[in-house]
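Student: If you scroll down you'll find the structure; I have some questions about it.
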Amino acid sequence: HAGGKFDGGGYKVSGGLHGVGASVVNALSTELEVFVHREGKIHYQKYERGIPVADLKVIGDTDQTGTITRFKPDPEIFQETTVYDFDTLATRMRELAFLNRNIKLTIEDKRERKQKKEFHYEGGIKSYVEHLNRSKQPIHEEPVYVEGSKDGIQVEVSLQYNEGYTNNIYSFTNNIHTYEGGTHEVGFKTALTRVINDYGRKNSILKDADSNLTGEDVREGLTAIVSIKHPNPQFEGQTKTKLGNSEARTITESVFSEAFEKFLLENPNVARKIVEKGTMAARARVAAKKARELTRRKSALEVSSLPGKLADCSSKDPAISEIYIVEGDSAGGSAKQGRDRHFQAILPLKGKIINVEKARLDKILSNDEVRTIITAIGTNIGGDFDIEKARYHKVIIMTDADVD
């Protein structure tokens, strides 16, 4: 291997699993050059398809330190493309700059388009949360920031609530985005739920008769970054998308809960807003459950429960059936006249129904037009969604291009 992660002194933490990254890049390149600026000298070596062209040699003096690597992907291996996408690389550079406070990263494209970007964030993951929430309405101005370390594991968490109804939690281990979460994310979520419930009880925001808020309740409108640095990460699988270290859960939970408890005590106005947002989410969850049960009872599989507005087709074969959703009864009338009754169904709806992107599930399901769509298509929603129950394999939405 070429990696420096195994000898104990090269890196404090590393994202590598096997220490073969440079070797793999070398093997997959038609040519690779390395310039190492070290101890006043520039050391150079060139490879072609993984084979050294010559021995390592000194080619000059330098007052800098660092490594320059140039490589050209092998088109015989990468047959689909060897062209790099600037925006994809820039997104990753920005992410790394957020995750490593005060580091400056530059990406420059010297091809025809000629573009260059620099990323440098003094706020680190706190700036990352602000970036993610830039188009939202935060309910507290400053993101919460927590950092601490234990047993060589460093934990950083930043979070901010907004007025939205979805949550965005991004977790990282040694700068690697753990898309599927893992023990560090579980530790954070557990601590968040417990601390908010404890604060709500102690300050009588949650009454004795109230049930505890669920994890789903306290995460509504939350944007959070959980980043840990671990000297020996154990990922589940080769893709590094989920962290498996059990101690990461305990340490993340401990570091975050202690600091977050202190934050809530020192910021009672913000704390109340957070708990009250959770209680509103809990009420909406209960209402949505009732609405879902109502929708479920009106099963789309029962012909008797199909919406009165629906002009159904005569075919019972979903594979050939299609439904046209049109605006208003007048459009519905025209569509009915022009359709083939055998396989084309028409569902006229009011023009402007509800913006489901900005509404809670209980509000969405209390809307007659939305319920009509759910019932007509037949797949149900959320955890009960079943594509096999679709009554039509083609859905055509016919609307004009105005605001509604």
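Even glycines carry a Cβ here, placed using N, Cα and C.
Note that the coordinates shown come from a computational prediction; the quantities given were computed from them, not determined experimentally.
This is the feature table in Swiss-Prot:
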BINDING   Glu327, Asp400  Mg(2+) 1 binding site
BINDING   Asp400, Asp402  Mg(2+) 2 binding site
DOMAIN    321-404  domain 'Toprim'
SITE      Lys352  site 'Interaction with DNA'
SITE      Asn355  site 'Interaction with DNA'
Student: With H, G and I counted as helix, E and B as strand and the rest as coil, say where DSSP puts Asp400 (Mg(2+) 1 binding site).
Tutor: coil
Student: Name, in the order they occur in the sequence, the residues of the same chain whose CB lies under 8 A from the CB of Asp400 (Mg(2+) 1 binding site) and which sit 6 or more residues away.
Tutor: Glu327
Student: Determine the most Cβ-crowded residue among the recorded sites Lys352, Asn355, using a 10 Å radius around each Cβ and all protein chains in the structure.
Tutor: Lys352
Student: Give me the count of other Cβ atoms within 10 A of the Cβ belonging to Glu327 (Mg(2+) 1 binding site).
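Tutor: Its Cβ has 19 other Cβ atoms within 10 Å.
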Student: Can you give me the average pLDDT across the domain 'Toprim' (321-404), rounded to a whole number?
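Tutor: Averaging the confidence scores along the domain 'Toprim' (321-404) gives 85.
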Student: I want to verify one value. Collapsing DSSP to three states, which class is Glu327 (Mg(2+) 1 binding site)?
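Tutor: Reduced to three states, the DSSP call for Glu327 (Mg(2+) 1 binding site) is strand.
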